[in-house]
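Pulled from TrEMBL:
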type: TRANSMEM; residues: 49-67; note: transmembrane segment
type: TRANSMEM; residues: 73-93; note: transmembrane segment
type: TRANSMEM; residues: 105-123; note: transmembrane segment
type: TRANSMEM; residues: 143-161; note: transmembrane segment
type: TRANSMEM; residues: 168-190; note: transmembrane segment
type: TRANSMEM; residues: 196-222; note: transmembrane segment
type: TRANSMEM; residues: 242-261; note: transmembrane segment
Amino acid sequence: MKTAQPHNYISPMPRLRAAFARRFSLRDDQAPHEEIDSRIRGDIELRGATPWILMFAILIASVGLNVNSAAAIIGAMLISPLMGPIMGIGYGVAIYDFALIRRALSSLAIATGLSIMTSTLYFAVTPLSQAQTELLARTTPTIWDVLIALFGGLAGSVAATRRKKSNVIPGVAIATALMPPLCTAGYGLAHMKWDFVVGAFYLFSINSVFIAVSMVLVTGFLHLPHRNFVDRHVERRVKTALLVIVLATTIPSAYLAFGLVRAEVFRTNAQAFIKREFQFKHTWVVALALAPDSKTIEVTLTGDPIKQLALDVLKDRLANSRLAGASLVVHQGASQNIDVAQLKEGVLADLYRTNIDTLRERDVTILELRGRLDAHKKADEVGGHKTASVLRELRAQYPTLRKAMVGYGQALTSDAKPDAASGTPAVPGIAEVPFLSLTMSSALSRQERERLERWFKARVENQDASVTVNVVQKARDS
């Protein structure tokens, strides 16, 4: 009896690892070390046209922040030359080239000072002094700004080591937003708002530090050669200093982010609680004020007052919800703490909008009724004292006349025009016209009919008047 030969098992993991390595390898299109070094060093210098480009970009960004134009801000970030010195600092730290670090720091300091000076000068002379939302967004950096700077810096550092240039560097300049914080700091200096200066400069520091840190990480990952030999003691000191700078930059932003998240969670839970619990038949919420710092919810009600027992139940539910520790303040009709001015302003604004709409509708109705009234007046004139004289003249001119009707009616027209006498606009496609309907025992000739129409239009003073002639033959005697 033959025994089965065991099959040799080949693991697929080596192939998978090889495929993964080929797919995500940074070596394939990496530029030579000398080219990377030359490119980064060349972007550090701030001379020639570069300072002018920087000042123009700062002015564009300042105008964009001043008028709240995101497009102008993005355009300024695209042409900004600030990325070069920052990436030079990171590259110098990674290869322990302290002369390069000093050059890059000097260029960055000059660029920063020139940018703040230019933006301060602009905001000092512009007549628009109101802080727009684009300005305010640069005053409270959080941990998310750290992440944006880190990931953007990593993308830019990888792109800086490639053979071919791509659109990654401009994209990183937009994502990390180096220009707007400097412009915001200039706004704060121009208007002596030091919280703007501190917040904006902190955001600029976050972006600069983490772009440089990203360059350090990518340079180390690619094992780019060190410029100089460094002993372990110096290497340890550099790494320690880098860690201290990173922590000093990150910790405040993490604290600010925690406060921002906590405030947003409080607002969301408070709004959900008010929407869920304040459902009354004859009472409505007209104002809601939330204070996340003091965990206070202020509600202003209108309508039938809510009894104290019901309010106590709401406060107990608040304590048992996700808003434990929050305080609920309810203002009703009898409360003395209602912000009467704010409430009055809101009510008056609603009344004003309602009255404007009502007045517009009334004006349209008045014009329409005026047109109808004028038409009826004309009809009365035709059907009143004019009717008798018109009928007498018709009887005298046409002995075969058996029946006549004179009046006003609505006629469908292709181009209705307003009445010149009254100034009343006509309804498009419909006009009020006088009409004459005759019943005769014998037909009129064409000349007689034309003469009759001309006479009637002149008699009623309206060229759109209508004349209808019906002929009824006399019955023959049997």
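Just so it is clear, glycine is given a Cβ too, placed from its N, Cα and C backbone atoms.
Keep in mind it's a predicted model, so treat the numbers as computed, not measured.
The transmembrane segment (242-261) and the transmembrane segment (143-161) are in contact, since at least 3 Cβ pairs between them lie under 8 Å (pairs 6 or more apart in sequence). The stretch from 49-67, 105-123, 196-222 that makes the most Cβ contacts under 8 Å with the transmembrane segment (143-161) is 196-222. Beyond the transmembrane segment (73-93), the same-chain residues lying 6 or more positions past its ends with a Cβ under 8 Å from any Cβ of the stretch are 40-41, 43-46, 50, 53-54, 56-58, 60-61, 64-65, 99-101, 103-105, 107-108, 111, 115, 134, 153, 156-157, 160, 169-170, 172-174, 177-180, 208, 211-216, 219, 238, 242. Among the listed stretches 49-67, 105-123, 168-190, the one sharing the most Cβ pairs under 8 Å with the transmembrane segment (196-222) is 168-190.
Within the same chain, residues 73, 75-77, 79-82, 110-111, 114-115, 118-119, 122-123, 126, 128, 132, 134-135, 179-180, 182-184, 186-187 sit at least 6 positions outside the transmembrane segment (49-67) and bring their C-beta atoms closer than 8 Å to a C-beta of that stretch.
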